[in-house]
Amino acid sequence: MSESQLVAGLHSVRTALKHGAGSLLEIWVEGARKQDRRMREVIGLAREAAVPVTYVSREQLDEMTEGSNHQGVAARTRVPSSLDEKALEELLAGLDVPPFLLILDGVQDPHNLGACLRSADATGIHAVIAPKDRSVGLTPTACKVASGAAETVPFIQVTNLARTLKGLQSEHVVWLVGTAGEAETPLYDADLKGPLGIVMGGEEKGIRRLTRESCDLLVKLPMAGAVESLNVAVAAGICLFESVRQRGMTSYVAGGARPYCMSWGGDVESAVSWRGGASALYSLPHHNKWEALLSERGNNETLRSCVYGPSGPE
């Protein structure tokens with residue numbers, strides 16, 4: 001039997017119904033609040049998904065949720081499963097916008113993982129990637145802290161993180177930016193646009209050597225006080241929202257106008273990434289879905305001609 005967990009609160013239960021109704025086993029609603037507007041929405045979603053609803057007293061919910069702020073509703077749900085390397089490739093191949101990824105190297109505290117998933121959901125991250133070994137998975141505690149984000153953000157556990165990172169760089173032109181206290185470049189001076197993977201280290205040792213060597217750039221978070229470092233979940237949130245700020249607030253997931261987005265060409269088998277004042281040219285093997293990618297700052301004609309030729313895109 002798969003592991004289950006209890007989630008409580010209107011937001012958490014509503015998110016589970018909208019994005020992971022198939023994993024819900026049962027919902028309990030405080031009978032005295034079943035006519036509340038938001039509660040009626042939850043009950044309606046449960047009926048649409050054929051999830052059983054049981055009406056109970058407030059005292060029963062208090063006992064069931066161990067006194068947490070349940071807001072009159074709780075649900076029993078299966079713990080979400082992590083995905084693997086194959087699922088990652090399928091996800092990346094299906095994107096029509098630059099990949100935006102969070103890589104966690106050795107995060108072992110389920111509270112930190114849950115908080116990272118929540119920030120990942122808020123910033124439109126396409127997937128969170130972590131190694132299978134020496135890292136926490138989607139435990140009930142992590143899912144509870146994630147407050148519904150474990151159902152909305154793909155969590156991918158890979159066998160060999162260094163190999164996965166190399167594949168992201170060579171096959172998908174992902175720019176890997178790691179965080180390290182001794183780095184010379186401040187976070188706010190780094191270019192965080194285009195295909196991007198933010199790499200965060202574990203609670204005690206930070207990013208491991210092989211992971212660090214795989215990064216294209218290491219950055220540090222400027223610290224003005226006596227504290228030398230931040231909790232990994234807090235640091236991840238800062239990095240992710242700085243990325244969103246640089247990209248513009250338009251959601252990459254929802255579509256709409258996407259600054260610094262991909263342009264496609266029919267016969268070109270190369271990719272160009274233009275970052276800040278320096279240019280970096282990456283060779284890209286022919287890919288059956290990504291025939292060409294142009295990541296461009298402004299309207300640089302030299303880079304455009306590299307990809308499209310002097311006449312530009314047709």
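Heads up, the Cβ atoms here are built off N, Cα and C, so glycines get one too.
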Task: Additional site residue, L210, L221, L240 [criterion: listed by TrEMBL with G201, L230 for S-adenosyl-L-methionine] - done: L221
Task: Extra residues within 8 Å (Cβ to Cβ centroid of G201, L221, L230), S-adenosyl-L-methionine - done: T179, G181, M200, G206, K220, S229, N231, V232, V234, A235, A236, I238
Open item on the list: Quiz question: given the binding-site residues L221, L230, which has the greatest number of C-beta atoms lying within 10 angstroms of its own C-beta?
Closed with: L221
- [ ] Please find which two of G201, L221, L230 have the most distant C-alpha atoms, given that the record lists them as binding S-adenosyl-L-methionine, and give only that distance in angstrom, rounded to a whole number.
- [x] 13
Task: Protein Cβ atoms within 10 Å of G201 (S-adenosyl-L-methionine binding site), excluding its own - done: 22
